[in-house]
Amino acid sequence: MPDIMKQRELNKIRKQVEQEYRSEKATESDFKRQQALDIAKEKRFLQNGGVRNFNSHLLKEKIRKDNEALAADKREKERKADQQRRQREKETRQKLKDEMRQDEEEAIQECRRERLALRKEHVKETREKKLLGEKNKQHEKEERDKLRALDVQHQQELKHEKEKELKAKAKKLKFHKAEIVEKNCLKQREIEKLNKEETETKRVQIDRERVLQQREKEKSEKFTKKQVPKKILHEKLAAVKKQQAAEENQREKQKLSREVAEEDAKVAKRQKDKQEKRAAAEKSIATQRAEKEHENKQKDRVEKEESLDWLKKLKQSDRLSLEEKKQEVNRIRQRNIKYTEGLLSRIAEEQALSKQQEREEMYAARKREEEIAEEEEQFQQYMQWKGKDLSAAQKARHRILLNGEGVPGYFCRETDEPLPKLTNEPTRFTKRYRECNSLQQAMVDVKTFCLPPLPRTGFAVQYPNYSSKDAGEPLATKVNAGARRNPAVEEKIKLYREKDKFELTNKESSRLTVDLRPTHFPTIKTSGVGPAGRRSPPTGVESALPPITTKNAPAVKFPSSRMVLGDHTSVAGERLPRLATAQTKRIRRMQQTITLL
């Protein structure tokens, strides 16, 4: 029994804990659901037409102020640019005048410098000629001194040569006498030697005879006959030799006297030739001196005539150069005057063209303002004409559609294509392109940017887009199944479908599973199962299906994000993904190009 009571208490405690856990979980889920509903309500409130118009007006007011500031800045820049242009033109004219004056002064200074240079050159040449004449005179004086010195030197050389010849002659005579004496001595020594030989021979013969006489007394008689002829022969030979020596000595004396006479004749002839050469040289020197003086006089006269001719030519060239300089200065002055006149005429033409352009721009601006006012009046008349037979709610909805604030929320049941809007992208692009040349400095698109629809995967909703008011029968759509599609549009829709896919499954969890981008709104989890074919619209597009309803919560409608060019931000301040197609990119590039132009 106690065990049963204990078990019951434990079961009771466990059930209480489970109930508390369920209540906490339900409270937490209700809190999250309520939080999600509050966020959705806030976003739906921010998507209201009045709130959006209010935000749009605030943004437009800010843009207007920015445009005014930009226009003022532009006018200030234009004023500064005009002032700088005028200042540059003034500086150009002043610079041109200064250059003309400077050119004239330079021409005058150049002419003066040339005259001064010519004068200096003439003075320099005169000095050079004077110095050259002095140098020539000095050179002639030096030549005369040299000639005198050469004459004195020649006289001294002749005297020295004469002395040398006399000395040589005396020396030669002395040498010749010494040679004759030496020859006589040699002859005398030869004679003495011969005599000694004869004496020695005689002595030897005598000794031999004595020996022979001693040895052979008997033979002396025999040899006496033979010795007598020999003695006679020796005597004759000695007499002949003496006679030959005397003749030789006589011949030598005659030869010496003849040579001395020849040498005297040669010396006399040489002296005579030297005297003749000296007389001829003196005569040629006098003749050359006279010719040189005559040539110098002729040269001086020719130089004087040439200097006079050169002076005349120099004066003539100075006069011609001055005339040419004056003509050149006149030509430069005339050319500068023509250039100044052409420059002033071009400046006047540019000023006239700029004024004409400003007048045309002002006329175009006034005409554009008139066109804008006329278009606004036509738009108001069109709104009044369209909304005179509609109720208040329909007028409000129709006004939203006319303002372009609606989004394509209707699709063809058979072809799954969006139905046409009252304002489409080509008309809005044309209007934006025309407004780029207006006075506005910046363009901001505050309208909703419509994107192609997402593919309906899973179970498609089978109900018509429009129904009859009385019978409730479905009405025919504006686009039928046989409508012809544009290949470019089909390709863009296909790319978009492949890019943004999501699936709706109804399996074990029986919950709505949506594959969205990280910046899309979170899904609202409910305990029930959503109807087949329900899907979340893409960012920037309101749902074309009935709102999602839960058991304990009111209907929730996904708000559409409002895109602003240049800043992809939702109304709640969240950053949205860049949903750009090829067409939107092309439109944006054209807008940027037009803004730069």
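Using N, Cα and C of the backbone, Cβ positions are placed for all residues, glycine too.
Keep in mind the model is a prediction, meaning the values are calculated, not measured.
For reference, TrEMBL has these:
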type: REGION; residues: 63-106; note: region 'Disordered'
type: COMPBIAS; residues: 63-100; note: compositional bias 'Basic and acidic residues'
type: REGION; residues: 122-162; note: region 'Disordered'
type: REGION; residues: 239-308; note: region 'Disordered'
type: COMPBIAS; residues: 239-267; note: compositional bias 'Basic and acidic residues'
type: COMPBIAS; residues: 289-308; note: compositional bias 'Basic and acidic residues'
type: REGION; residues: 522-553; note: region 'Disordered'
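The DSSP breakdown of the region 'Disordered' (239-308), given as helix, strand and coil counts, is 70 helix, 0 strand, 0 coil. Sequence-distant neighbours of the region 'Disordered' (122-162) (same chain, 6+ residues past either end, Cβ-Cβ under 8 Å): 271, 274, 278, 285, 292, 296, 300, 303, 307, 311, 314.
Beyond the ends of the compositional bias 'Basic and acidic residues' (239-267), by six or more residues, the same chain brings 165, 169, 172-173, 176, 180, 183-184, 187, 191, 194 to within a C-beta distance below 8 angstroms of the stretch.
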